[in-house]
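As recorded in TrEMBL:
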type: BINDING; residues: Asn66, Tyr69, Glu70, Cys124, Ser159, Asn209, Arg214, Gly225, Ile226, Lys227; note: Mo-molybdopterin binding site
type: DOMAIN; residues: 87-243; note: domain 'Oxidoreductase molybdopterin-binding'
type: SIGNAL; residues: 1-40; note: signal peptide
Amino acid sequence: MASSFPEPRPSEITPRRAYLRRRSLLAAAGLLGGSRIANAAGLSVHPGPFNASEPLTPREDVTHYNNFYEFGLDKDDPARLSGGFRPRPWTLTIDGAVAKPLTLDVDTLIAGGALESRVYRMRCVEAWSMVIPWDGVPLADILRKAEPQGSAKFVAFQSVVRPDQMPGQRGGLGSLDWPYVEGLRLDEAMNPLSFLALGLYGDLLPNQNGAPLRLVTPWKYGFKGIKSITRITLVSEMPPTTWNRMASNEYGFYANVNPEVDHPRWSQASERIIGSGGFFGETRKPTQMFNGYGAQVAQLYAGMDLRKFY
Ligand code: MTE
């Protein structure tokens, strides 16, 4: 099935009012899980650059409308089914074409006191969007610690594999090949916008959002934002990426937000604003080139045909 991802899922098609009604029924029955309470530990952060001016997406939507196939295919599966995931202790290994391979303890990173907050627009390839306040560290700062060598041209990211804690990894219809993998060109990874998030809304990252750390590249479609990362490897060749492997005609390596290049099965010209629901349903807005981050990233793609390198 996954070759047809992302077929809109039931939670997405369900009119928002019905979806919320279903959620409040589940909440009343005590069936909504997730890790928000377990992870509630106010982070110490300082304001960073890049603060989108649009209204924030409510925390409830950011943490209960998710894509995280390790916990299931529906938007409410990650919050419901990730309560048993244990994101501590956790180490992140950086290796490959680097002078100083290293293994970082996530809590040491947090305790280091260098966390900054950033508000980024996030545009999913499924034509919906959010505005999210992340807490984390610039990816470039972490990569520099390992001292990338001249032969390093790309950065390969790998998510955790724990079928005992991640029900979506135990197979079944629509399952992906694990681990989930992603990649960036080295210059994209070193761009000041590329961010490793360890928190959102000032608290540790909830399990469903990719605890304990995930990538955020706001000018690219959301699927580049690989969650629960264990390894970052500097490589000389373009690394494989999960959705490109599943359907290369639909999901390219670059995955830059581009309203002029439609997905083969739907338009990318506009997006549904999650959490904007009023009586008449959620509003839409036109999608911006590079999700509005052209001033920061357009130069990375100068001279490239973005219809070919989608
Ligand atoms: N990372 C892993 N490991 N597994 C996934 O299924 N889904 C991706 C991305 N990162 C995914 C992942 C997709 S399709 C999107 S849109 C974003 O995570 C969603 O992030 P959010 O749930 O925090 O909004």
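Numbers run from 1 along the shown chain.
Cβ from N, Cα, C; glycine included.
Where TrEMBL records a feature, it is marked here on the structure.
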{"residue": "Asn66", "record": "Mo-molybdopterin binding site", "DSSP (3 states)": "coil"}
{"residue": "Ser159", "record": "Mo-molybdopterin binding site", "DSSP (3 states)": "strand"}
{"residue": "Arg214", "record": "Mo-molybdopterin binding site", "DSSP (3 states)": "strand"}
{"residue": "Ile226", "record": "Mo-molybdopterin binding site", "DSSP (3 states)": "coil"}
Checklist entry - Using a 10 Å radius around each Cβ and counting other Cβ atoms from all shown chains, which of the binding-site residues Glu70, Arg214, Ile226 yields the largest count? => result Glu70
Item to check | Integer average pLDDT (0 to 100) for the domain 'Oxidoreductase molybdopterin-binding' (87-243) | outcome: 97
Next on the checklist: Let's check the environment of Ser159 (Mo-molybdopterin binding site): how many other CB atoms sit within 10 Å of its CB?
Outcome noted: 25
Item to check | Chain-internal residues, separated by at least six, CB under 8 A from Asn66 (Mo-molybdopterin binding site) | outcome: Lys75, Asp76, Asp77, Pro78, Ala79, Gln208, Asn209
Checklist outcome for this item: Span of the recorded Mo-molybdopterin site, as the biggest CA-CA distance among Asn66, Tyr69, Glu70, Cys124, Ser159, Asn209, Arg214, Gly225, Ile226, Lys227 in Å, is 19
